[in-house]
């Protein structure tokens with residue numbers, strides 16, 4: 001819309017309260033953290049300035065890079081798993097289906113139930129002695145596929161990812177459901193006249209029409225994957241031996257458990273930096289295609 | 001026109017926002033008056049002192065009930081002192097304590113942990129030294145229990161509870177099935193029992209090491225003492241010994257040996273301590289090694305409690321430590337914030353004298369909790385036989401818990417190393433070397 | 001053709017039912033275990049209770065201090081939700097539907113909030129709240145919740161509003177309506193599904209938030225439900241069954257709220273709203 005006279009003031013005053021609260025409470029702390037990241041500080045005793053020492057030490061810590069790798073696993077599997085699954089659910093539940101309210105509700109349940117329950121349930125699924133997963137594999141005669149899902153370090157991170165996807169796909173279902181309402185009925189009718197049915201209609205008409213929301217979901221999924229904490233903390237605690245540790249847990253352990261607050265702040269700045277790089281890349285790719 | 005509409009819209013919006021804010025603010029002030037009213041000294045009458053107290057006694061345990069009742073009793077007897085409690089769930093208590101400390105915003109009365117956890121609070125001058133007041137407790141409380149809260153000759157807290165972290169709970173039936181009617185007395189016998197249990201298709205030990213402290217605290221505190229002697233950990237801190245010393249490596253190697261014997265349940269690293277207790281209670285494993293506090297869950301409150309016996313780690317070949325000793329740690333030290341006004345400080349001391357005294361220890365004992373007193377404060381027959389057995393077992397002196405002596409960072413490094421051993425990564429030597437390096441890095 | 005779509009229907013149901021089953025199992029066990037005694041749970045966590053211990057719920061209510069905490073959670077959740085959604089939707093509207101200087105940078109700044117690792121801001125926010133004297137008040141939670149969820153709210157709504165047809169406001173402009181009027185009577189109604197989404201997300205995040213509540217609130221009278229829910233776990237001990245009861249109680253408002261809003265999520269608003 002063209003900028004009308006007087007709207008500029010309306011825009012300014014309309015966004016001002018949001019900006020004030022946001023900058024005061026969310027942005028300033030980031031800079032405070034950045035400042036702390038150049039100190040050696042336990043939070044209580046006097047700070048001592050160490051320059052970039054914290055960053056250097058983090059870069060030299062193999063555990064940190066392990067956590068970066070685990071974050072990438074969560075990010076990629078999250079994107080591959082959550083978005084298509086969420087979209088599929090939304091497409092199925094957007095139609096007049098008997099019981100769709102019920103399915104929409106239970107589909108969203110994993111998002112709202114406490115992480116305590118999530119971890120209890122997935123602990124039960126993955127348990128190597130009496131877990132569902134191994135029992136199921138045994139039932140189909142696939143005994144050789146049975147594993148210690150969380151204990152076996154070659155697959156534990158993927159097991160965590162699966163729980164993560166399960167916990168969050170309802171979120172994307174809701175976002176996509178909302179977006180699908182935006183497609184006017186006429187479009188679908190026109191498509192039907194053109195003979196576009198089923199999958200073809202989904203790919204040729206539906207998906208392009210909710211492009212911008214898909215981009216939102218992708219960015220949201222990436223940002224969530226960099227901030228995942230509760231689920232991993234409660235499911236494996238980052239173990240065994242750092243094998244499922246993600247960057248936020250790495251940061252938390254240093255800042256709050258070992259009380260190296262400066263070092264932890266430096267780690268959190270790197271989390272922010274990495275996610276910023278990925279998100280702005282994705283955003284650029286997405287928006288470029290748009291225009 | 002357009003502009004006016006815009007302004008009108010903005011006005012509407014701001015009214016709505018203000019309303020929303022006002023609702024919140026309203027509720028805010030109302031509730032604040034209910035709960036925090038006493039924080040302004042006028043609402044409770046003249047001369048009322050309000051103290052804040054932060055504690056981790058939220059879960060419905062026997063001992064937590066005792067503490068809360070004691071605070072209520074104090075308030076009833078001292079109408080001029082009000083205690084505003086801030087109960088914080090135990091798992092996050094230290095995070096909150098640490099953050100409040102960073103803002104120099106501790107509660108007036110705090111519950112603190114001994115040793116390495118106390119250091120930053122002391123070095124930040126956040127706690128009041130209690131030296132002048134110790135006459136109240138010196139006769140009552142054991143010296144070694146007080147020592148954990150003593151830094152540079154100053155006493156900063158008095159503990160209310162004594163815990164032992166290394167009690168072996170064992171399933172009597174399973175042990176007699178493999179030929180042990182009493183618990184093995186030597187390391188060789190113990191390993192033999194484990195092998196026989198394994199051969200009988202039983203899980204020898206249930207371990208829940210997801211949170212990583214169990215191997216460090218419940219296992220390695222005692223193993224270190226058994227192999228390397230009582231003073232080893234302190235010597236390491238003082239630089240008179242090293243983790244890489246042979247005795248310590250031997251102690252760490254026990255975890256390696258147990259792993260290679262498949263002594264632990266296969267999900268040891270994905271279960272928390274409580275789940276591992278349940279696994280043991282469900283009779284899926286023959287042993288569980290954890291703290292004395294759990295005596296209540298496994299034996300006292302459990303209708304099948306008599307199935308389970310208790311023991312300490314057996315003696316080890318060539319070991320330098322007395323096998324009768326258990327690894328003990330005084331818990332829940334009550335401390336007072338430094339820099340309080342005279343009035344508040346007096347009230348806080350008044351509270352402390354009332355709260356931490358013989359009656360508290362008596363009530364705790366009756367509730368099945370071990371206390372750090374010099375003598376048994378509860379009368380004969382007043383305590384549960386399961387607790388009495390535990391008290392007898394742990395009455396032969398104590399050794400210190402690993403992370404109450406060793407600073408946090410090397411302790412965490414050690415925990416990770418131990419966990420790595422349980423998934424067959426690394427060697428005991430590696431673990432010892434890395435732990436020593438983490439300790440050296442602090443200097 | 002109809003045979004084909006019948007097959008599709010069956011497949012859909014099979015898939016959805018399997019999915020639903022998978023999602024209901026945790027809830028089922030939560031309810032089942034909430035009625036057991038602690039020893040019963042310890043001995044067999046996945047069996048049915050021998051007797052329904054309804055008193056667990058009364059005990060759980062007391063231990064989690066729900067008398068006070070429940071109301072506080074409602075006040076804080078809705079307080080921040082209302083502010084966030086109001087301010088966020090307006091900001092999203094401007095960012096999505098107007099061209100002005102600093103538009104891109106404003107958007108980028110808001111996006112940043114979605115990437116901040118929340119733990120890193122804990123101590124700084126604690127110090128800020130202490131310095132502006134808001135520590136231990138409802139505001140000490142409402143402001144951070146608002147600040148951090150503005151990002152997500154703006155981000156989702158902006159994306160949604162971007163996708164709306166470009167000529168949507170024209171009728172309003174022709175009528176001579178101002179921007180706020182257009183926002184209120186054209187954009188908001190049409191954005192109902194997206195609004196429902198962000199309201200649900202805000203509700204859940206605020207309702208479940210733990211870390212800030214832990215550190216910023218110390219008065220019992222102001223604490224929120226998640227703090228109460230943590231009351232059941234000690235270091236080496238836990239009352240799992242009571243915790244399940246408490247979790248079940250805390251879940252009720254979320255489910256009610258979601259059920260109320262999910263209708264908005266899928267109301268076919270488009271046709272009607274554009275024409276009217």
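In case you wondered, yes, glycine gets a Cβ from its N, Cα and C as well.
Those TrEMBL annotations? Automatic predictions, nothing curated.
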Can you dig out which of the ranges C:44-66, C:182-204 TrEMBL describes as transmembrane segment?
C:182-204
Interface present between the transmembrane segment (C:69-95) and the transmembrane segment (C:182-204) (three or more C-beta pairs under 8 A):
yes
How about the transmembrane segment (C:12-32) and the transmembrane segment (C:242-261): at least 3 CB pairs under 8 Å, pairs 6 or more apart in sequence, or not?
yes
Could you pull out which residues elsewhere in the chain have a CB under 8 Å from any CB of the transmembrane segment (C:141-161), counting only those six or more residues past its ends?
76, 79-80, 83-85, 87-89, 91-93, 95-97, 107, 110-114, 116, 118, 121, 125, 129, 134, 187, 191, 193-195, 197-198, 201-202, 205-206, 209, 212-213, 216-217, 224
